[in-house]
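J.: This is the feature table in TrEMBL:
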- 3-160: domain 'Aspartate/ornithine carbamoyltransferase carbamoyl-P binding' (DOMAIN)
- 47, 48, 49, 50, 75, 110, 147, 148, 149, 150, 269, 270, 297: carbamoyl phosphate binding site (BINDING)
- 142, 176, 236, 273: N(2)-succinyl-L-ornithine binding site (BINDING)
- 184-305: domain 'Aspartate/ornithine carbamoyltransferase Asp/Orn-binding' (DOMAIN)
Ligand code: CP
C-alpha cells in the first residue's frame, strides 16, 4: 500500500479487522516500528477525534507527531499549473508538498468538501495534490469524497458487536441545520460493500448519494420499513448531492428515536447534534456504540500507519 486515500486501499477487510482488534489488545506491541519516524498532520478543517486518535495511534507506534492547522496558519495554496500567482494564493502545492515531506515520513491530510462546486470537490485537489507531489505516504483524514479511517473504525466496531454472520446494517439520513459533506456516508457505503452484511440506505427523496457509490445498494425511502429488524443503525446527515450542497429538508420525523431504534445498536461518527439528529435516550442508552467507534479511530489509524511504515 502506497497511500491510504480511500477504502479501496484496504487489501483484505477481514484480515485488517482481525489485525486491528489484536492491536487493540496490545497497543504497544509495535512501539519500535515508528522510532525516529514523524507523522505530520495537516488540518484544513476542524477536528477532535481525528486529530487526537491519529496522534495516539502514532504514539503507540513510537512515532513523533507534528500537527499544523493549515487552514488558518499555513500559506494559502495554489493547485493549478501555469497560474500567474498574483491573487490570494502565496504558495504552490508543487513546493509545499515536497517541503513537508522532508520533515515527515507520513502525512495525514484533512480537507473537507466546500459544497459549492461538485466538480471542484470531486477533484480532491488538496489530498491528491499532496499524494502527487509529497513523495511520502499520504493518509486521508477526511477529504471531500471520503473518510476511510472513520469507515475502518466503523467496520471494526460492527465486527466487535455482532455475533451474526450477516447482520442487517442500515444507513439512515437524519436532519441537520447545516449543509454537511457526503464523505462519511460515502465511505460507510463503500465499506459495507466489503463487509458481509445486509445493507440498506434510507433517506428522503432528493438525498440520493453519488449513484456511482451506491450502485447495487438497496435504497428505501420509507425509514420505518428500512429500520425493520435492523441490527445496526448508522445515522448521518448529508446535504443533497443532485442539488449539490443544498439543505432540502429538515424534517424532524427523520430524527432517530429509541422507539425507532428498537433492539438495534446505534452508530454515528460524531460530532452529533442531540435531539436534532438523534434523541438523548439513544445516545445515553446501552445500545449506543458512538464512544466505542471513537475509540476504534485510534486502532484504525494505528493499523494504517503500521502498514505504511512496514511498506516503506
Ligand atoms: N468523526 C470525526 O472524524 O470526528 P472529528 O471531525 O472530530 O475528527
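Residue 1 is the first one shown; counting continues down the chain.
Using the three backbone atoms N, Cα and C, a Cβ is placed for every residue, glycine included.
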J.: Look at each of the binding-site residues, 49, 176, 236, 273, 297, and point out the one with the fewest other Cβ atoms around it within 10 Å.
T.: 273
J.: How would DSSP class residue 236 (N(2)-succinyl-L-ornithine binding site) in three states?
T.: strand
J.: Could you check which of these binding-site residues, 176, 236, 273, sit within 10 Å of residue 149 (carbamoyl phosphate binding site), going Cα to Cα?
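T.: So the list is empty; none.
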J.: From the binding-site residues listed here (149, 176, 269, 273), select those whose CB sits under 6 A from an atom of ligand 1.
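T.: Only 269 qualify.
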J.: Relative to the Cα of residue 297 (carbamoyl phosphate binding site), which of the binding-site residues 142, 176, 236, 273 has the closest Cα?
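T.: Checking each of 142, 176, 236, 273 against residue 297 (carbamoyl phosphate binding site), the shortest Cα distance is to 142.
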J.: If you measure from the Cα of residue 176 (N(2)-succinyl-L-ornithine binding site), which of the binding-site residues 47, 147, 269 is the nearest?
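T.: Checking each of 47, 147, 269 against residue 176 (N(2)-succinyl-L-ornithine binding site), the shortest Cα distance is to 269.
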J.: Cα-Cα separation of residue 142 (N(2)-succinyl-L-ornithine binding site) and residue 269 (carbamoyl phosphate binding site), in Å?
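T.: Pair distance, Cα basis, whole Å: 12 Å.
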J.: Would you mind listing, in sequence order, the residues at least six apart from residue 47 (carbamoyl phosphate binding site) in the same chain with a Cβ closer than 8 Å to its Cβ?
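T.: The list for residue 47 (carbamoyl phosphate binding site) reads 110, 141, 142, given in order along the sequence.
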J.: Can you grab the distance from residue 75 (carbamoyl phosphate binding site) over to residue 236 (N(2)-succinyl-L-ornithine binding site)? Cα atoms, rounded to a whole Å.
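T.: About 33 Å separates the two Cα atoms.
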J.: What is the number of other Cβ atoms found within 10 Å of the Cβ of residue 142 (N(2)-succinyl-L-ornithine binding site)?
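T.: Residue 142 (N(2)-succinyl-L-ornithine binding site) is surrounded by 27 other Cβ atoms within 10 Å.
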